[in-house]
Amino acid sequence: MKTTKLFTLQTQQRCGFRKIAKKVEPKKGVAEEVEQSEILHKKGVAPPPDPPTPHVPTRSFGRLVKPFVFTIGFTGCSFGGAAIWQYESLKSRVQSYFDDVKADWLEKIRPQKQGDLRKQVNQWWNSLSDGQKTVTGIIAANALVFCCWRVPSLQRSMVKYFTSNPSSKALCWPMLLSTFSHYSLFHMAANMYVLWSFSTSIVNMMGKEQFMALYLSAGVISTFVSYVSKTAMGRFGPSLGASGAIMTVLAAVCTKMPEAKLAIIFLPMYTFTAGNALKAIVALDTTGLILGWRFFDHAAHLGGALFGIWYIIYGHELIWKNREPLVKLWHDFRTRGPGTGGNGGNGSI
C-alpha cells in the first residue's frame, strides 16, 4: 500500500464585515416623542415600524425528514445502479475481448509515430491500476467544481447547492454535490491525494461498481450525520468537501486489512498498522465532536468512518450479496425484446 498522510478535510466559509461607526444622536425627551406621535396621527401617517429581528435558525428535527428519506433512497439507487452496471459490464466482456484483439492487430500494422501525444496519453492511462482509473473521474469532477468557485457570477449558486447546511432552503441535493466541492486548493489536493492512495486497494477489494456505490452513498450519509449533529447542537454553518466519503474508503480498507502498514508522507520512517490508524482517527473525531471543536466537521468524519466499518463487517453481506433478485429482474427486462437475448453474469468479491 502506498504511504499516505491522513489529512482532515472540511472547511467553513466565513464572511467578515467592517463595523461602521454609529452616529451619536441626542436622546429625545418624553414630551418631544409624544408631540411627534400626535403630529403623525393628525397627518394620518403610521409611525415607523420596529426594525426586523435577524433570523435565527431553530433546532427543528422535522426539517431532517426529507434529508433522511433522500439518504435512504439515494443509497438504495446507488447500489441498485451499481449492480446493473456490473451486469452490463460482464455481459459485454466477450465483445470487448474481440475489440481488444482487433485493436492490437491494427496497432501492429499501423506506422508508429514518434512523439505522438495521444500514444503517450494512452500509455500513461494503461499504466494505471483499475482503482486509479476509477477515481480519475472523481478527481476531474472535483477539479471542475473547484474552478466554478472562481467564477464570481456563480457564487450564489455554489453556496446554495455545493455547500451543505441544515438551515439552508436546499437540503437534499447539496448532500451529494458538496462531496465534490472544495474552495481551498490545499483542501482539495489533500483529499484527492488520500483518495488516490487508497484507490487501488479499495477497488481490488470491491470492484469499481461497488466502490462507486459506496463512495457516493458515503458522501450523502456522512452529510446527514453532520445535519443531525448541527441541529442537535444548534451550531449551523456551511460545510463542503469529500472528507466524509474518503473517511469511509479509508475505514473500509483499514477494517479489511488491519495489519497493513501505513506511514505519514513527510515521516516515512515511522510506520503503524492500519487498524491503529483507524482507532486514532475515530478517537480524534469523537473527541472533537464531544468538545465542540468547530474547525473541522468532525460529525461528518465520524459518520463516514463508522459507515465504512459497518459496511465491511455487515453491509456487504446485507446489501451487495443480496442483489441477485434485482439483477434477475434487469436480465429479464433486457432479454424481453427481440434481438436482445443473452445471458448475464454476476461477480462477487
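Every residue, even glycine, has its Cβ placed from backbone N, Cα and C.
As given in TrEMBL:
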COMPBIAS  46-55  compositional bias 'Pro residues'
DOMAIN    172-315  domain 'Peptidase S54 rhomboid'
REGION    26-56  region 'Disordered'
TRANSMEM  68-87  transmembrane segment
TRANSMEM  180-199  transmembrane segment
TRANSMEM  211-229  transmembrane segment
TRANSMEM  262-283  transmembrane segment
TRANSMEM  295-314  transmembrane segment
Near the transmembrane segment (68-87), which same-chain residues lie under 8 Å Cβ to Cβ, leaving out any that are not at least 6 residues past its ends? 171-172, 175-176, 207, 209-210, 212-213, 216-217, 220-221, 224, 319-320, 323, 326-327, 330-331, 344-347
Which residues of the chain, 6 or more past the ends of the transmembrane segment (211-229), have a CB below 8 A from one of its CBs? 64, 67-68, 70-71, 74-75, 78-79, 81-82, 85, 131, 134, 138, 164, 166, 171, 174-176, 178-179, 202-203, 239, 242-245, 247-249, 252, 289, 297, 299-304, 307-308, 311
